[in-house]
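Peer 1: Okay, here's the structure, questions in a sec.
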Amino acid sequence: MTNSGNIHKGWFSEICPMWEGIAVSLKVEKLLYSKKSRFQQIDLYQTRSHGRMLVLDGIIQLTEQDEFSYHEMMAHLPLLSHPNPEHVLVVGGGDGGVLREINRHDDVRFIDFCEIDQEVVNVSKQFLPSIACGFNDPRVTVHIRDGAAFVRECSGCYDVIIVDSSDPVGPGEILFKSQFYRDLKHALKPGGLIATQGENFFLHPDWVEKLMGVTRSLFPIYAYANIIVPTYTGGHIGICMGSLGPKLTAPARPVPQMLQSQLKYYSPEVHRAAFVLPYFAEKILKDKGV
Ligand code: SPM
């Protein structure tokens, strides 16, 4: 089995200098796809226990077994925090998982989807059909280009912007800069809100502090939510949220029964609970004025 380098005796390990000394490992049975695109190394594995797994530059982006937790929360927390989200932008998330979840909302009328790497979309459509199933929805316009540049050109366009980035190494790095957050704010309609991939407070308290510090400096309402994702190193990941109006920590409206019946992770109770952080994480944010 050839690969991006982190295979030993049939086990893939996610080894990364950003989380030195710790790695998630999955037993893999077959490498289904492996190619370097213009932007990154893309690998797609069949795992023993977690279905198929998408890996970019050696970092796990999703497994079929637990992708629902991240994708549901990245989409439904912001969309259900907004009273009437009609215009939505997704930056990143070329696998289509967040898009699939947004499409479940009948009240959303227009979705711009901006991903830098066409190859990630192609591979996901080919190998992850249950995830990359939303691209043909008539409400969706796909833009294959740099998300930071796309956002910079928008002014007052969106009710909700969701940034499903990889980690701040490689092509995702620019999506963690303060200027990008300023551009996100500028791209919102009055009363709009953003949700961005917010890293992990066990492994990266410095990143969480930085992202929440920027969010706090720009938005009158801000909050950090927590999601359990067993196959991300550290076992969880956060969402940084900033709002120009709606409160974030509870749903703004009832969850339609049809929507709830399709979900496995999100519920109104989980929405509220996601913002309750362990004492040390709360303290990190408070001590830094966040
Ligand atoms: N649609 C799936 C894309 C996933 N985007 C987030 C990936 C983050 C992976 N690394 C998490 C490591 C936690 N330190």
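From the backbone N, Cα and C atoms, a Cβ is placed for every residue, glycine too.
Source: prediction; values computed, not measured.
Pulled these features from TrEMBL for this protein:
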- 9-244: domain 'PABS' (DOMAIN)
- GLN40, GLU115, ASP146, GLY147, PRO171: S-methyl-5'-thioadenosine binding site (BINDING)
- HIS71, ASP95, ASP164, SER165, SER166, ASP167: spermidine binding site (BINDING)
- ASP164: active site, proton acceptor (ACT_SITE)
Peer 1: Which are the residues of the chain, GLN40, GLU115, ASP146, GLY147, PRO171 excluded, whose CB is within 8 A of where the CB atoms of the S-methyl-5'-thioadenosine site average out, their centroid?
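Peer 2: Counting only non-site residues, the set is PHE39, GLY92, GLY94, ILE116, ASP117, GLY172.
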Peer 1: How big is the Cα-to-Cα gap, in Å, between GLY147 (S-methyl-5'-thioadenosine binding site) and ASP164 (spermidine binding site)?
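Peer 2: Between the Cα atoms of GLY147 (S-methyl-5'-thioadenosine binding site) and ASP164 (spermidine binding site), the distance comes to 11 Å.
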Peer 1: Looking at the binding-site residues listed here (HIS71, ASP95, ASP164, SER166), whose Cα lies nearest to that of GLN40 (S-methyl-5'-thioadenosine binding site)?
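Peer 2: Minimum Cα distance from GLN40 (S-methyl-5'-thioadenosine binding site) across HIS71, ASP95, ASP164, SER166 lands on SER166.
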Peer 1: Can you tell me whether DSSP puts GLU115 (S-methyl-5'-thioadenosine binding site) in helix, strand or coil?
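Peer 2: Assignment for GLU115 (S-methyl-5'-thioadenosine binding site) reads strand.
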Peer 1: Any idea which of the binding-site residues GLY147, PRO171 has the thinnest Cβ neighbourhood at 10 Å?
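Peer 2: Among the binding-site residues GLY147, PRO171, the lowest count of other Cβ atoms within 10 Å belongs to PRO171.
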Peer 1: From the binding-site residues listed here (GLN40, GLY147, ASP164, SER166), select those whose CB sits under 6 A from an atom of ligand 1.
Peer 2: ASP164, SER166
